[in-house]
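> Pasting the feature list from Swiss-Prot:
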- Cys450-Cys457: disulfide bond (DISULFID)
- 394-496: domain 'Thioredoxin' (DOMAIN)
- Asn461: N-linked glycosylation site (CARBOHYD)
- 817-820: motif 'Mediates endoplasmic reticulum retention' (MOTIF)
Amino acid sequence: MMSSGFSVFRAGVALVLMCSFYKSTEDSLPELTPQQYFSTLQPGKASLVYFCQVGSLSNSVFLEELKEAVKPLQDYGISVAKVTCVEEEASRYCGEEEGLMKAYLFRGNILLREFPTDILFDVNAIIAHVLFALLFNEVKYITTLEDLHSIENSLKGKSNMIFSYVEAIGTPEHRAVMEAAFVYGTSYQFALTTEIALLENIGSESIEHAHLYFFHCKLVLDLTEHCRRTLMEQPLTTLNIHVFVKTMNAPLLMEVAEDPQQVSTVHLQLGLPLVFIISQRATQEADRRTAEWVAWHLLGKAGVLLLLRDSMDVNIPQHANVAFRRAEKDVPVEFLVLNDVELIISHVKNNMHIEEIQEDEGEDMEGPDLAVEDDEVAGTVYRDRKKPLPLELSVELTEETFNTTVMTSDSIVLFYATWHAVSMAFLQSYIDVAIKLKGRSTILLTRINCADWSDICTKQNVTAFPVVKLYKEGESPVSYAGMLATKDLLKFIQLNKISCPVNIASIQEAEKYLRGELYKDLPSSASVSVLGLFSPAMASAKELFREAGKQLRGSVITGIYSEDDVWILSNKYATTLPALLLARPKEGRIESVPLDTTLVQDMAQILANALLEAFPEITVENLPTYLRFQRPLLLLFSGGSINPQYRNTILALVRQKQLDSFTPCWLNLKNTPVGRGILKAYFGRLPPLPQLLLVNLHSGGQVYAFPSSQSVTEQSLVLWLKHLQAGLENPITVLSAQEWKPPLPAFDFLNMMDAPTSQAPTKKVLECQKEAEVQESAELQPGDRSTARREPVEMLRIKRWNTANWPKDTQEPFHHDKEL
């Protein structure tokens, strides 16, 4: 499991940060010149260098956190220093402005990793990132359930695994896991994820916080069998993980025949209680099976032993079948009569003793999540930053090439900013589109980084990111307003290949258009085609239709027919001119809508509304579209495809105008699993399906359920809706009127920038002065530092020292922000 790379790491790791010249009362970081630093490099030693000119005052907050990390990292054999450039220095690092915001981890003269200093936001993040980089073979980062199963299968019959979920890289929990991996990486395979969906897939009920599982794969010999899992229920701290892993190493069940008060096991040493299942020879095998069941359910919480009554002189009450011994000294053994194994489990859980040292460790858990990347998009972008993208498939524009390109060729332009997380996430989808269109499209895919060319973006009225615009010669640019996904953008591009509107020349061509035969070669063609019918004399109405169609370009195919024989189509589809024909080729339906407006916006709205289905399946993508009508949702929850009876009933009432004051729709729980959570919130449990509800989101928040004892028919549904309007039915729940707000308040970056010059750093420097002599000693005797792995107890001492010396005053504003 261990690689030779880690053996090199055990020889010693040096961490040298290229940082700005910074002075405090006591600087625990060795300050080196580039020449001094490079002359001390040794094979197998790792170093991270940041060069800058003397006098630079940037990154002071980062340096304070780095000084906090010096001693813990030294205990792992990792030394920390900073290097200051001089003006005549010729090193390539000294001349890079970007270097001021990075820390570089080297081994010898080989670069291992670059760390932007903004991800090393505190001492936990520094230690977590450094150990994560060095333990890349011991800790596998996974993102999918398939990855987890693959590792699990490879370990069956060989070794066990420790699997952890943390909210983000660099958190205190991530640090704790990496510290555990440093010690136990030779004994177990570690796997780590930040994907909450993966945690949900393995059956975790509570997913609000970090989790750690022990996978018992060594016992599994059948590859089709899953490894048994044990969840660590304590918070993820270094001490708790150490205790948990130690209990996983202990025997599952021990047999003893001595006084329970005299028994000593690793559980007592770790502060955990002991449970004795009292047995006798006549029932020993059955009692052993019971004890094993209890042991599995109390694994990590208590030690379980089988106590033989027949072979000892201890006076055990005749009817007692369980003995319970607390971890505290001088507490007598408790003899109990518990005739149900569940009672044994609950008794242990209700009498768990929490050691004071755990409370001390727990201080790391009390602070708010201000240091956590609460933006999932930003977190994903950071994790994927090393994945190469074939950017050469799109043309990068500059101030010099932008106008020439968009004026001489049909172009799609992505306006983005490299500092903007959503932009960088969408860039992946944009490149995926380029891959799919390679060699098959006449439209040029381009991109421009607004972080570099802000003037161009401002002139193109780009005020938010990302923005996609289509430029065609002689036409105004068209902005893309769809989902930031490959499929939707591809559809937008392909539909824009078609004229808007399409001029239909004959009745036969019009019929082909309505059947979807004119553009069937487009894989992403729209599900609805619109044909405007006008007499030759309706010039103004035709112009309105053309303008309205241009507003919807890229989302719908529009056509226009205005020949002398247009009355044939008008009569066939029973409509008066001017009119719209809405064709849904996949469903074989053609509907007619009369046009009686003289405003472009009104006609565009008619076109947009006409695209909506009468009884749609609600998805994450289309829900906002239907919510804008501000009408109660008549919502049918289905476990799969909708029952034709329900569809026919609803559509019949729609045609009869009986549901005009509602938005009828349905939700497929297989396609949109979040529907299960919605139903549980409404009913308190998952009710039988299908379920027909009326949800009044916009006024009152009442949720009504159609009676399960009745069949859904036109008559019963209309009667039920009338009862609701008359106030004769009671809601099953009432939704809260509270606003949907972000989980955390927005960062006040100006105040955060001012803070280092006022309170927090000053207090940290004062606290650090208390350790001045210790740090001086550490710097004077670098050779005395052991580079081998520490014993767990030593590792825990480091963690506790770090917690005990954390400035208490700096935590108070954090608590206030969390309350906000």
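Just so it is clear, glycine is given a Cβ too, placed from its N, Cα and C backbone atoms.
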> What average pLDDT is reported by the model for the domain 'Thioredoxin' (394-496)?
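When the pLDDT values over the domain 'Thioredoxin' (394-496) are averaged, the result is 89.
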> Measure the Cβ-based neighbour count of Cys450 (disulfide bond), defined as the other Cβ atoms within 10 Å of its Cβ.
23
> For the domain 'Thioredoxin' (394-496), what does DSSP give as the number of helix, strand and coil residues?
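With helix first, then strand, then coil, the domain 'Thioredoxin' (394-496) has 40 helix, 21 strand, 42 coil.
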> Taking the Cα atoms as reference points, how far is Cys450 (disulfide bond) from Asn461 (N-linked glycosylation site) in Å?
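Roughly 12 Å, rounded to the nearest whole number.
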> So if I draw a 10 Å sphere around the Cβ of Cys457 (disulfide bond), how many other Cβ atoms end up inside it?
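For Cys457 (disulfide bond), the count of other Cβ atoms within 10 Å is 22.
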> List, in sequence order, the same-chain residues at least six positions removed whose CB sits under 8 Å from that of Asn461 (N-linked glycosylation site)?
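Set apart from Asn461 (N-linked glycosylation site) by at least 6 residues yet with Cβ under 8 Å, there are none.
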